[in-house]
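The structure appears right after this line, and notes come after that.
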Amino acid sequence: MRFLAFLLCLVPLALCIIEPRGIDGPTSHEAPTDLPIDWHILSQAAGMAHEPYCLFGDIGDRVGDAEVLWSKGHGVVIQRVKIFHSKSLGVTVSFEGTTASLLSILHDVNAALIDPPKEVAPAYCEGVKLFAGFSNAYMELRDEVYEQIVKFQKQFNDKRVTTTGHSLGAAMAVLAAMDLNKRLDDGIYRSFAFGMPRTGNGAFANDVDKKIGGRFFYIVNGRDWVPRVLPRELGFQHPSGQIWINPPSTTHWKYYPGQENHYGANSEDPILTFDDHHGIYFHTGLGHGPGKCPASVGTA
């Protein structure tokens with residue numbers, strides 16, 4: 001846990017070097033509703049989101065209804081990524097969250113808002129800005145991930161493509177979803193982001209809503225502080241699609257429509273520990289401690 005404490009200590013430094021921009025998007029006041037998606041699907045996505053944390057075991061491993069097909073990286077120089085074929089979600093790519101690697105941690109604190117790299121710019125509308133470190137982490141894996149996805153789509157005769165991830169991996173998952181939605185003929189099927197930090201500006205949030213809204217969901221567990229960074233006052237904004245598990249690691253979950261819903265996770269002060277960031281999501285352990293290796297689905 002020492003590297004996680006170190007990461008937490010770096011957040012004030014990141015805040016000091018970013019120019020305040022003001023709140024850059026709406027605050028929804030819509031009432032919460034029941035989930036618009038079967039929680040069993042969310043449980044499956046959570047299991048696949050955890051699997052990149054598992055170093056040992058790999059190709060052929062089963063995670064719920066999915067089989068690991070391909071993996072790359074050890075979480076040191078680049079984030080680990082794994083691709084599955086899931087009966088319920090199709091060809092699924094999952095990105096690892098922050099590791100003890102200095103390079104991984106630096107992705108989290110490189111918090112400047114930048115224009116999308118030229119390779120992915122066609123996926124976005126004018127005015128979109130991305131969290132630099134998260135964008136860089138995705139770009140390091142982008143081309144090879146795309147090649148593998150296309151290969152496995154053909155191999156399994158399955159057009160469905162899903163992205164998932166936890167923490168830093170969640171940010172990479174939404175960036176991948178936007179990119180793949182543009183590059184793939186049939187777009188993406190679903191995208192799930194567990195414990196996702198804010199990944200772009202208001203234009204980014206609007207673009208996500210416009211292009212993959214209804215297929216993208218981000219999940220907050222209790223008073224997890226990670227989805228609250230970086231602050232909205234610095235120009236960062238979550239898209240729509242929040243599912244809030246509260247109390248944490250329980251079966252009490254609701255969907256909070258619109259961006260930055262007033263009644264959702266923003267309504268409670270975050271706790272400055274990782275107890276809620278790593279937790280039980282839809283009966284599946286995810287993150288350091290609650291998650292096990294190999295990953296499992298629906299066993300927590």
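One-based numbering along the chain as shown.
Every residue, even glycine, has its Cβ placed from backbone N, Cα and C.
Features of the protein shown, as given by Swiss-Prot:
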SIGNAL    1-16  signal peptide
DISULFID  CYS54-CYS293  disulfide bond
ACT_SITE  SER167  active site, nucleophile
ACT_SITE  ASP224  active site
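Structure with Swiss-Prot features highlighted.
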residue	record	Cβ neighbours (10 Å)
CYS54	disulfide bond	20
SER167	active site, nucleophile	30
ASP224	active site	27
CYS293	disulfide bond	13
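In this structure the C-alpha atoms belonging to CYS293 (disulfide bond) and the residue listed as 'active site' are separated by 23 Å.
The two recorded residues, SER167 (active site, nucleophile) and CYS54 (disulfide bond), have Cα atoms 15 Å apart.
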